[in-house]
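Okay, so here's the structure we're looking at.
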Ligand SMILES: NC(=O)N[C@@H](CC(=O)O)C(=O)O
Ligand SMILES: [Zn+2]
Ligand SMILES: [Zn+2]
């Protein structure tokens, strides 16, 4: 394996140094290092961050390879600076057995442009009726630690309680898609004045908040670890803040799109803006940004949800929920959090690498940029900018909500255990091992 010298990189946007990468690890950090035979990467003006970790990616394999595969989804992830993604369980078949999670894990090992940590379903077939074989998935080669019925809510309180209790034995976490099903029947967008005007059935904030309130109380009652997926309202922030103040072991994520976009976009009736949970109000967006800066919301997770054009290029009510996000996550976070002064790059590294790695228990990721650590590193140019064109997508799907928007930043290089997956801003073709 070749060795690399990243010259004049700005580590977490703080100190400028040279970083030597060899044999999969960071071997040296210093000034004016001798390149010797190493490949020199000019990192002048670039920020070096630990490889990003996504706790919430839909890779769609097995079953929906027309929208994404482990190979195309992880390629998209590498292009976005990620070195590890958690693959959600709502595949076909559902990842609810040791066999399916091992299949996804193996696909990641064989075709992954980044590490793939499979998420296991909480209930059989995501049907919300019987607990899946959580222990068998944890004990499998995939070593599952995150369990989620994402796409659906574990709405039965008894099942949720049992799941929370059960995963304690192997240090697991339940990642809840908080959506009270009865309150959201037929829901199409955020419930508010605009949904009434557009004639689309509303998805009220309370449908999310009621489940989060219930779940933090359950997690407290049984002393378990809870993670809240794609938090989207000011009220949800207040509930998580309250739970944390009581010492409940709860973490929460926000997506890039909920940090940037609002429900006003539904007025276009363009299904690119249809997502679950729905885009909310400008006031919610402000609350989410503040909560992420404060640490009430722990992490950014993409909820990358690729869909083929036939499921998106149709009328709003018939379209699938979801948008892609891996390739633009860091740019949207720069735009909404860094350029606004809410967060520095060290804060970004914590929220997009160290903390998601800790929640998902992926030990080789989210490590500090330090000698002896695995060389999972991204080099990012914050001064670059680009106009988003869905035709440039690395993902197999093009349901990106930022078409035509100018976003800052560019991933210049991504290293996965010392091997570049991206160099000079382009994917390294022969990388997938
Ligand atoms: N976010 C979405 O709108 N869609 C996700 C499911 C989910 O994350 O709930 C999907 O699988 O397409
Ligand atoms: Zn979800
Ligand atoms: Zn999701």
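Along the chain as shown, residues are numbered 1 onward.
Every residue, even glycine, has its Cβ placed from backbone N, Cα and C.
Quick caveat, the model's predicted, so the values are computed rather than measured.
Annotated in TrEMBL:
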DOMAIN    47-234  domain 'Dihydroorotase catalytic'
BINDING   56, 58, 150, 303  Zn(2+) 1 binding site
BINDING   58, 59, 60, 90, 276, 307, 321, 322  substrate binding site
BINDING   150, 177, 230  Zn(2+) 2 binding site
ACT_SITE  303  active site
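Checking the binding-site residues 59, 90, 307, 321 for a CB within less than 6 Å of any atom of ligand 2 leaves no residue at all. Close to residue 58 (Zn(2+) 1 binding site), meaning Cα to Cα within 10 A, are none of the binding-site residues out of 177, 230, 276, 321. Counting only same-chain residues six or more apart in sequence, the Cβ atoms lying under 8 angstroms from the Cβ of residue 59 (substrate binding site) belong to 68, 69, 70, 73, 74, 85, 87, 88, 91, 104, 116. Within 10 Å of the Cβ of residue 56 (Zn(2+) 1 binding site) there are 29 other Cβ atoms, across all protein chains. Counting in whole angstrom, residue 60 (substrate binding site) lies 18 from residue 230 (Zn(2+) 2 binding site) by their C-alpha atoms. Residue 177 (Zn(2+) 2 binding site) and residue 150 (Zn(2+) 1 binding site) have their C-alpha atoms 5 Å apart, to the nearest angstrom. Of all the Cβ atoms in the protein chains shown, 24 others lie within 10 Å of the Cβ of residue 322 (substrate binding site).
The C-beta environment of residue 90 (substrate binding site), restricted to residues of the same chain at least 6 apart in sequence and closer than 8 Å, consists of 58, 121, 126, 149, 150, 151, 152. Close to residue 230 (Zn(2+) 2 binding site) in the fold, though at least 6 residues off in sequence, lie 56, 177, 253, 254, 255, 258, 277, 301, 303, each with a CB less than 8 Å from its CB. Proximity to ligand 3 at the level of Cβ atoms, with a cut-off under 6 angstroms, picks out 150, 303 from the binding-site residues 59, 150, 177, 303, 307, 321.
For residue 321 (substrate binding site), the count of additional Cβ atoms within 10 Å of its Cβ stands at 16 [all protein chains shown]. Taking Cβ-Cβ distances under 8 Å and a sequence separation of 6 or more, the neighbours of residue 276 (substrate binding site) in its chain are 151, 177, 179, 203, 321, 322.
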